[in-house]
Amino acid sequence: MSKNYHIAALPGDGIGPEVMTQALKVLDAVRNRFAMRITTSHYDVGGAAIDNHGQPLPPATVEGCEQADAVLFGSVGGPKWEHLPPDQQPERGALLPLRKHFKLFSNLRPAKLYQGLEAFCPLRADIAANGFDILCVRELTGGIYFGQPKGREGSGQYEKAFDTEVYHRFEIERIARIAFESARKRRHKVTSIDKANVLQSSILWREIVNEIATEYPDVELAHMYIDNATMQLIKDPSQFDVLLCSNLFGDILSDECAMITGSMGMLPSASLNEQGFGLYEPAGGSAPDIAGKNIANPIAQILSLALLLRYSLDADDAASAIERAINRALEEGIRTRDLARGAAAVSTDEMGDIIARYVAEGV
């Protein structure tokens, strides 16, 4: 590849710097194996930025992200900053403004049960044995969380609260295309989640998704009501490939998908805008209780790097190489402490070294 790429690395707080270090080790292996020209710059964010710059999202960090092709984000937050006003705390003061600034409208959350980790799945053993590999595609900027009017009024028995579910055609079209394009890189199936038997917004959602599906004749489309989808995820998650969801339904289903994998330390996420620019981060938190102990699981951060390569740099071969390396490590029984269950565990650094080596070797 001849193009030059630049990644803004925002390690953040807690275990963020430790797991970011491992992801950048793997990036070095990718660079060398695939002859990719990728540079990185580090910027403070979250609590680290509060300590060093007096605010959770300094202008220099935003400017650095603007100059990058993608952002690799660690994690933010911790008890040290909980005394601050909510808007000045690391989570609300950094991550949400970044999403708004870059107009990140789609959230991608993979949820995969890896071979050898079936015992961590809370589902019945016969269901877990089938495995699953799901991508939840959630619309981030529309729907009931942002629709107007919303508020409270009245008093006594007449006091009421209200929210409004609003979706525009363009919002549904663009998130649907993300889902169908993602399915083309996977197993060619989209299941669109709605409540079209009740909600006008869901009726429009279904109509427009059907229209977009005609542009993707190679991708199978199914529709499912949200209540049935929550049950089917427990009954047989292996039936799903890509789940296409509104903001509210995706908020619910992405967490359900995460829970049935059994380990938050394995779950990456991506938030994208219309230009393909993305912010990539682990789905878990900053875990301040284990920070600095070299025991955190870096796989979610490394998988976030794989998503970055696939979606923002269009380097699917490199992303797949990372995923194969992780599969090999897990198949060989290599575990960090969260997955060891009393067996021998490797450190954060050791897991990063192993995955980077497997990428370099082309396993």
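Glycine is no exception: its Cβ is also placed from the backbone N, Cα and C atoms.
Under the DSSP three-state reduction, Ala287 (NAD(+) binding site) is assigned to coil, being neither helix nor strand. A simple way to gauge crowding: the CB of Ala287 (NAD(+) binding site) has 24 other CB atoms within 10 angstroms, across all the protein chains here. As annotated by Swiss-Prot, NAD(+) binding site applies to 78-91, 285-297.
According to Swiss-Prot, the feature substrate binding site maps to Arg99, Arg109, Arg138, Asp227, an assignment based on sequence analysis. In the three-state DSSP scheme, Arg109 (substrate binding site) falls into the strand class.
What Swiss-Prot records for Tyr145 (among others) is site 'Important for catalysis'. Secondary structure from DSSP puts Tyr145 (site 'Important for catalysis') in a helix. Cβ neighbour count for Tyr145 (site 'Important for catalysis') (all protein chains, 10 Å cutoff from its Cβ): 14.
According to Swiss-Prot, the site 'Important for catalysis' annotation covers Lys195 (among others), on the basis of sequence analysis. When secondary structure is read from DSSP and collapsed to three states, Lys195 (site 'Important for catalysis') falls in the coil class. Note on Lys195 (site 'Important for catalysis'): other Cβ atoms within 10 Å of its Cβ, all shown chains, come to 18.
Taking a C-beta cut-off of under 8 angstroms and a sequence separation of 6 or more, Asp227 (substrate binding site) has the following same-chain neighbours: Lys195. The annotation Mg(2+) binding site is assigned in Swiss-Prot to Asp227, Asp251, Asp255 on the grounds of sequence analysis.
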Annotated substrate contacts Arg99, Arg109, Arg138, Asp227, maximal Cα-Cα distance (Å, integer): 29
Mg(2+) site, defined by Asp227, Asp251, Asp255: further same-chain residues with Cβ within 8 Å of the Cβ centre: Ile226, Thr230, Leu248, Phe249, Gly250, Ile252, Leu253, Ser254, Glu256
Nonlocal residues around Pro90 (NAD(+) binding site), in sequence order (Cβ under 8 Å, 6 or more apart): Gly12, Asp13, Val45, Gly46, Gly47, Ala49, Ile50, Pro56, Val76, Gly77, Gly78, Trp81
Neighbours of Asp255 (Mg(2+) binding site) among the binding-site residues Arg99, Arg109, Arg138 (Cα to Cα, within 10 Å): Arg109
